[in-house]
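Take a look at the structure below.
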């Protein structure tokens with residue numbers, strides 16, 4: 001191979017600069033905000049509760065009861081998940097009507113409205129604006145986590161689809177880390193700054209509104225859904241470069257021929273479509289497990305463990321920021337490894353390591369008093385669990401949702417996956433305190449069962465999707481289903497033959 005051939009091959013493996021900028025523009029106003037809004041609400045907890053109490057006194061000339069204050073704070077925090085569920089349920093429909101890029105741009109209206117309401121809550125003395133603002137933030141996050149992976153998966157070339165899809169996970173963890181850092185006292189973590197802190201969610205929205213219009217709509221959406229051949233050609237040239245776009249164009253043309261006459265499906269239509277039964281079951285289980293695998297329990301126990309280890313109170317917040325940095329690092333690592341190792345190896349490896357951490361975590365929490373070293377072993381388990389989650393389940397789940405479906409089914413699949421994810425999020429948030437109270441440190445044995453079950457299912461059912469087109473993945477699922485059906489038919493024939501011989 002001469003130098004020219006080597007340089008051409010390297011160029012094909014590396015993403016186009018325009019492609020990277022388009023992905024960054026989509027993510028900064030998309031799932032980055034999801035992560036940011038999850039973590040940024042934690043820092044001003046005491047200040048917001050104090051504001052609610054002062055407002056209550058000014059209105060009713062009496063202090064608010066502690067139980068009702070806790071209830072109001074819980075509503076402010078949890079209303080985000082309700083908004084997310086609504087956003088996920090409409091995101092797929094909007095992506096068909098407005099396009100992937102158009103939906104991401106329109107979605108910023110919810111973010112800007114949320115920032116305005118939360119920023120005005122303190123000067124107007126209306127804590128109710130925090131509830132409404134968090135609700136709008138949730139809608140923004142629900143739409144973003146549904147449409148952004150869809151956009152990334154459709155603009156990326158087949159060879160880089162996994163790495164590009166990891167942008168969702170990387171920017172979520174980056175958002176979580178940024179929210180934790182902004183909540184430090186050195187930045188906006190002081191009492192007088194909390195309205196500004198909550199209003200900063202408008203900054204990523206403004207950045208996306210400025211940058212994303214310079215990049216094209218999804219080429220697959222343009223050609224398959226809109227029939228815009230010229231627009232698809234221009235988009236591919238801008239995103240992939242002149243020399244690489246022809247191969248992707250052929251792939252999209254094949255998918256268009258396969259989907260000829262087929263309209264974009266509604267979520268309820270997927271449930272009656274036997275051709276995607278195993279794909280649907282896969283994303284249902286993976287998105288449920290993403291919330292029920294114990295990652296929320298780890299974050300719940302982290303504060304307790306850091307205190308048990310003897311860390312000073314003022315240092316605990318910095319260590320908590322370290323957990324966010326740890327998850328961000330693991331997402332970046334997953335992004336670098338996914339095209340090398342494949343999706344199946346990473347997600348199975350991640351859940352396997354999480355299973356081991358569940359066992360070690362249970363033991364370390366059970367024997368906290370045995371030695372002063374044990375709390376530090378628990379801290380190591382916290383970081384190991386977060387690394388394992390980010391290395392596989394945290395990033396690969398969304399990529400598989402993109403890859404297991406073709407163009408007509410993909411938006412509906414994302415609506416189902418998003419709804420399942422948000423419902424599971426709400427479910428674990430509602431029941432987790434009772435699980436911890438009942439099982440205490442043994443609650444991690446429940447999560448151990450979930451992790452082991454997912455590893456078993458992926459090993460038996462889910463094929464490797466690396467470097468395969470969407471049509472090839474669909475055909476592999478169908479051939480796998482036919483093999484299972486043939487096995488069943490063959491077993492039935494053998495059984496009938498045996499019975500005839502017995503009763504002959």
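Backbone N, Cα and C atoms are what each Cβ position is placed from, and that goes for glycine too.
Taken from TrEMBL, the feature domain 'Major facilitator superfamily (MFS) profile' covers 23-466.
As annotated by TrEMBL, transmembrane segment applies to 19-36 (among others).
Summarising the annotation, TrEMBL assigns transmembrane segment to 71-92 (among others).
Among the features that TrEMBL reports, transmembrane segment is placed at 104-123 (among others). Long-range Cβ contacts of the transmembrane segment (104-123) within its own chain (Cβ-Cβ under 8 Å, at least 6 residues beyond either end) map to 26, 29-30, 33, 51, 87, 94, 98, 129-130, 132-137, 139-140, 143-144, 147-148, 151, 194-196, 198-202, 204-206, 208-209, 212-213.
Residues or ranges marked as transmembrane segment by TrEMBL: 129-151 (among others).
Beyond the transmembrane segment (163-181), the same-chain residues lying 6 or more positions past its ends with a Cβ under 8 Å from any Cβ of the stretch are 15, 19, 23-24, 26-28, 30-40, 42-43, 145, 148-149, 152-153, 155-156, 187, 317, 320-321, 324-325, 327-328, 330-332, 334-336, 338-339, 390, 394-395, 398-399, 402. Residues or ranges marked as transmembrane segment in TrEMBL: 163-181 (among others).
Here TrEMBL flags 193-215 (among others) as transmembrane segment.
The transmembrane segment annotation in TrEMBL covers 345-367 (among others).
A Cβ distance under 8 Å defines the sequence-distant neighbours of the transmembrane segment (373-400), meaning residues of its chain 6+ beyond its ends; these are 145, 149, 153, 161-162, 165-166, 168-170, 172-173, 282-283, 286-287, 289-290, 293-295, 298, 301-302, 305-306, 308-310, 319, 322-323, 326-331, 333-335, 337-338, 343, 346-351, 353-354, 357-358, 360-361, 364-365, 367, 454, 462, 465. Residues or ranges marked as transmembrane segment by TrEMBL: 373-400 (among others).
Within the chain, the transmembrane segment (412-436) has long-range Cβ neighbours (under 8 A, six or more residues past its boundaries) at 78, 81-82, 84-85, 87-93, 95, 142, 145-147, 149-150, 264-267, 269-270, 276, 279-280, 283-284, 287-288, 290-292, 296-297, 300, 401, 404-405, 443, 446. What TrEMBL lists as transmembrane segment is 412-436 (among others).
Residues annotated as transmembrane segment in TrEMBL: 442-462 (among others).
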Quiz item: Taking pairs 6 or more apart in sequence, does the count of Cβ pairs under 8 Å between the transmembrane segment (19-36) and the transmembrane segment (345-367) hit 3 or more?
Solution: no
